[in-house]
Every structure is written in C-alpha cells, then in structure tokens.
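Q: One structure, pasted below without further comment.
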Amino acid sequence: METKNENSDVSRAEEFKSQANEAFKGHKYSSAIDLYTKAIELNSNNAVYWANRAFAHTKLEEYGSAIQDASKAIEVDSRYSKGYYRRGAAYLAMGKFKDALKDFQQVKRLSPNDPDATRKLKECEKAVMKLKFEEAISVPVSERRSVAESIDFHTIGNKPRSSSMPTKTALAAVVAAVMVVAVRGFATTEILMVLVSVVLGTFWWGSFSGKVEPQYSGARIEGEEVTLDFVKTMMEDFKNQKTLHKRYAYQIVLQTRQILLALPSLVDISVPHGKHITVCGDVHGQFYDLLNIFELNGLPSEENPYLFNGDFVDRGSFSVEIILTLFAFKCMCPSSIYLARGNHESKSMNKIYGFEGEVRSKLSEKFVDLFAEVFCYLPLAHVINGKVFVVHGGLFSVDGVKLSDIRAIDRFCEPPEEGLMCELLWSDPQPLPGRGPSKRGVGLSFGGDVTKRFLQDNNLDLLVRSHEVKDEGYEVEHDGKLITVFSAPNYCDQMGNKGAFIRFEAPDMKPNIVTFSAVPHPDVKPMAYANNFLRMFN
C-alpha cells in the first residue's frame, strides 16, 4: 500500500516530467535532462522517465548516456518498447549497426503492428547488410594505395563528347594522313581506316587537353597558384549556390594534402608581438555562418590568421563549400589558416552524418575517398606561443602525457577507439574532479584537476577545445583554465545557441571572446545528405 508521501512523490515526478517535455519541445535539451533527472529522483521505477531522458541525451549527441538511460528503462520494464527504440537509435548514431539491429528486432517483437517500427527495422537491416558488404570487399590498410597519387588534375577538363578541339586542327591531321597515304600507297579500306583513326584520335587527345569547358562560368585557378581573387570568387559562387569545377576542386584538395603531409601531429604556432590569431570551433557545414565569421573578423591572411579546431563537416548541408573554402585559404597562404582534425573528420562519422552523401552528390565518388585520405593528414593539436594548447576534444585517461607524446602520435589513420589520438578528438570536461565515463560513449570525461596537472606538466597556461554546443557559443570552466568554443550558431537549425570565436593577441595571449548569431541560409535542411535511417530519428 502506497503512503501519502509516496503518492506525493509520484505526483511531483509527473509535474517535473511535464516541465521537461515542454523544455524538450523548445529544444532546451539540457534543461529537459535536469527536469527528467528530478522526476527520476522522485520515482526511479518509471521507465518513461529514463527513456525520455535518453532521447534528450541523444539530441545533445551524448550517446553513451543515452544508452545507459535506455538500458535502465529496459531494466525497469522489459516490455517497454520505447526503451529498446531509444537505445537502438543511440547505437545507430554511434555507427554500431549490429547492436542497433538487435534492439529494433526486439521493438518489432513487442510492437508487431507498428508500421514505424517495421520501417526502422528495415532501414537498420539495410545498414547492416551494407556494412557487411563493405567489410567483405575492403582492402587491408597495408595494401591500400593512395587515392591522391592516382589523380592528375591537369588532365581534368573537357569530356570527349564535348571536345572543343578546333576543327582546323583535325583537318590538318587529315591532310597529313592523306599525304602519307599518297606516298606509301594503301588500299581503299586501309585509307578509310587511317583517316577515321586520325580524326578520332585527334579529338580524343583534344578531350584530355585539360582545358576547362568554355561554358563553365565559375571561379578559375590560373596555373598552379591559388590566389585571393580566386578564393573570393569561389566563395561568392558558393554563396549563390554555384558549383566549383572538379578540376579546381581536385587541385585545391591535392595541394592541401601536400601541405598537411609535411606537418607534425602537434603544430607550434608563433604569433609575433602585437599580432593576433583567431581560434574558431566547430562549423559543421554551416557555410553561411562561416561567411559571417569572415565578415565580422576579416578574411584569413598572414596578418589575420585563423585556427579552425576541427569538425568542419557533417550535420550542416554545405560541408563541401566549407571544406573547399578552408582548404583554398590553406593553399593560398599556409600561415593564414591552421586546421585541426575533429572527430567528424573520419570515415565512420562522414558515412552517417551527411558529408559522404554530400560529396557524392556535389562532386563524385572519388572525392569521397580523397577527402577520407586527406583528413588523416590533419594535425591533431596546436600550441600557440608555447602557452595555449588547442585541441578538438580534450585530455587523457592517464596523467603525465607530454607534448612530445602528442608529437609522436602516428596520425595517418582513421581514429582508433582508444588511446591518445581517440581522447584528443573525443573527450569532454566535467565539473567534478578526476575522470569519469564519457557521456558520448567514446573517450572520457576529465575534471579541473586533470586540466591543471596537464597544463603544469607542459608549462602551458590555457586549454582551448571545441566539440560541444554551448548556449553562448563558449564556456569557461576549470577555474578559467579551459575554454570551450563552438562556432556553429543555431546548430542544426534548432538549438538556438550563439556561435563564438576567440582572438588571442601577443604577447599576453589573453582570450578575447566574440559571440555572434546565426544568419539566414538557403532552404536546405541540415542532414539533407545524411543516411536515411539516421534522418528518421532526428
């Protein structure tokens, strides 16, 4: 028999759940989590509360926490299909398709007449089949050839069916062939074969002259050098939703590859006395917000350098425009822009969150492989003037890591699931001291004491990282020793957050934080190119 206090707790828990639901509807997912937590504290035997909190964690990309909460919902009520549903969705978002499939099969068993469950199960089955196929045909890493080394952008231009080879050149070739025939003497059939071969061969060679089609009206690179005028024209074309010729896209990516290949895994940046550098966080395919950053803070140049701290692509549907713009500035002047790898510069993320599909749609399949290769060359971290450590994710599961250890990382690979490289890309700060499990399910959470020891051990003053949405575009934590900066305002067109960037001026290197709001963009929704099964859960 329930007591009066127990009835009161259940009633108050329902009130908190209702408030949490309203916060969720308003895209205030952190507030929703806090309110669901209060409901759980009053009544932990309600599976709905756990499943709802799991959904809110999923919205914040905290998939590890979502899986924990959904598992708790299942523990409370093994017949509650939403628990399996929420856990399966979190597994999908992490790319753990086989685990997701098991959960959706259970959803189908519990709700056999639910058309939505049937549809999602089919999509998950397709994803698992595709994964098995890719595993079956994959080439071992040791046997893979560089995609970049198979591409010569100079030969990319006119196609044979649209050759612009001048007619007089073809006629000249025919005349020469006739003279040979007259001198040597051939039968009629042989003469025809010679003439046809000459004409077709002339046009075929013309098609590989490397000249860009005359009807192409977009930005052009003259020769080998990427200039500021070209980059400005290209950005204006992108702004107007025009495309860049594949020849120039190849040229930009291949030249960037050569620059990145020569860099160490940890790059030291020197900012002269009286000069500055701007650090930006995640931009996630939000090209029009990137243009706004340049409008507010100036274009990248040797006098106005930027460091973009990873997660250039995915989520937003203008990732191709973002990456070509950043790479073009790197080609134009390598010291005008520094680029760090984020957890989304990886095959596993790009398959799920839209970049791979967008590249396939806007460029070609070969570019998918090329970007995957070049992303492996991006540095993992930067140190500015020996004082500011900048990394996408965060710190490590062990103490005593030195900058020399980071420099020694062999980064030319897909991110592993554990170790220093994984933690640099995936870890997050936590308010409590020490270390804890990652709310994402990858990496770890680290406290202010961990930050303090790392900075002291390496004679550093500040840790700047990105990787997390913040309402104001930034957050200062760990007694002022850690700053999170996030530069994608109104993330995914729904979070309502501001964006931010940080300017550091030498010699004092004090952070000057600038915030900004989202700007309009064409009516292309985030995740427009993402896998269909993932879009169903967003």
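Using the three backbone atoms N, Cα and C, a Cβ is placed for every residue, glycine included.
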Q: Swiss-Prot has Asp311, Asn343, His392 binding Mn(2+) 2. Which one of His467, His478, His521 is in the same site?
A: His467
Q: The repeat 'TPR 1' (13-46): which same-chain residues, six or more beyond its ends, come within Cβ distance under 8 Å?
A: 52-53, 55-57, 59-60, 76, 494-496
Q: Could you state the whole-number distance in Å separating the C-alpha atoms of Asn343 (Mn(2+) 2 binding site) and Asp311 (Mn(2+) 1 binding site)?
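A: So the Cα of Asp311 (Mn(2+) 1 binding site) lies 7 Å away from that of Asn343 (Mn(2+) 2 binding site).
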Q: Counting by DSSP secondary structure, give me helix, strand and coil numbers for the repeat 'TPR 2' (48-80).
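A: For that range the per-state counts are 26 helix, 0 strand, 7 coil.
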Q: Write out, in the order they occur in the sequence, the residues of the chain not among Asp311, Asn343, His392, His467 that have a C-beta within 8 Å of the mean position of the C-beta atoms of the recorded Mn(2+) 2 site.
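A: Filtered neighbour residues, in order: Asp282, Asn309, Gly310, Gly342, His344, Gly393, Leu425, Trp426, Ser466.
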Q: Return the residues near His284 (Mn(2+) 1 binding site) by Cβ distance under 8 Å, restricted to its own chain and a separation of at least 6 in sequence.
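A: His284 (Mn(2+) 1 binding site) has long-range Cβ partners Asp311, Phe312, Val313, Asp314, Arg315, Gly316, Ser319, His344, Ala488, Tyr491, Cys492.
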Q: Tell me the Cβ contacts of Asp282 (Mn(2+) 1 binding site) under 8 Å, same chain only and six or more apart in sequence, or just say none.
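A: Once residues fewer than 6 apart are set aside, Asp282 (Mn(2+) 1 binding site) is near Asn309, Gly310, Asp311, Gly342, His344, Ser466, His467, Phe486, Ser487, Ala488.
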Q: Report the DSSP secondary-structure composition of the repeat 'TPR 3' (81-114) as helix, strand and coil residue counts.
A: 27 helix, 0 strand, 7 coil
Q: So which other residues, same chain and not among Asp282, His284, Asp311, have a Cβ within 8 Å of the centroid of the Cβ atoms at the Mn(2+) 1 site?
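A: After dropping the recorded site residues, what remains is Gly281, Val283, Gly285, Gly310, Phe312, Val313, Asp314, Arg315, Gly342, His344, Ser466, Phe486, Ser487, Ala488.
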